[in-house]
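Asks: What Swiss-Prot lists as active site is 123, 141, and the listing cites sequence analysis. Positions annotated as transmembrane segment by Swiss-Prot: 12-32, 67-87, 93-113, 137-157.
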């Protein structure tokens, strides 16, 4: 018998909504309060700096001429759809994987909306040391990164033992 939404990982979809809203609200705040490249120092190693990212992580393909917008749109929709199908098929009790998948989906959808609305992703979190700046990023990027780390962690350390525990409960 297929899992109901309450019993499946779809029960965790509230994380997608939370990440998406936090990401979009923070980006709207930046767009309303900052000029492009404007920077406000918050700590001696941390700024809010409004930049536009036409590429992917670390501005990968940002100078590609525009076609990458549609490639990244297809990738975001594809991965979000795939992870949603996986959430539907797995137990709600797989905490780490469900959290990981929903973080990635929320982040992917947050950046997808930027690409579709603006043609670029709004980045503003700027960490630096001296004159060396880490590439600016946003809440969606952070969620995707944390989700990816959790997926990798789970694949090396926990997936089989958590699956065994879930099957024992049934």
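Note: Cβ is positioned from N, Cα and C throughout, glycine not excepted.
Buried or exposed, and what's around them? Tell me for each listed feature.
Replies: In the three-state DSSP assignment, the secondary structure recorded for residue 123 (active site) is strand. Counting every protein chain shown, 22 other Cβ atoms lie within 10 Å of the Cβ of residue 123 (active site).
Secondary structure at residue 141 (active site), as computed by DSSP, is helix.
Counting same-chain residues at least six beyond the ends of the transmembrane segment (93-113), those with a Cβ under 8 angstroms from any Cβ of the stretch are 9, 11-20, 23-24, 27, 72-73, 76-77, 79-80, 83-84, 86-87, 121, 138-144, 146-148, 150-151, 153-154, 158-159, 162-163, 165-166, 169.
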Asks: Using Cα coordinates, what distance in whole Å links residue 123 (active site) and residue 141 (active site)?
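Replies: Between the alpha carbons of residue 123 (active site) and residue 141 (active site) there are 9 Å.
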Asks: Starting from the Cβ of residue 141 (active site), draw a 10 Å sphere and report how many other Cβ atoms land inside it.
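Replies: The Cβ of residue 141 (active site) has 21 Cβ neighbours within 10 Å.
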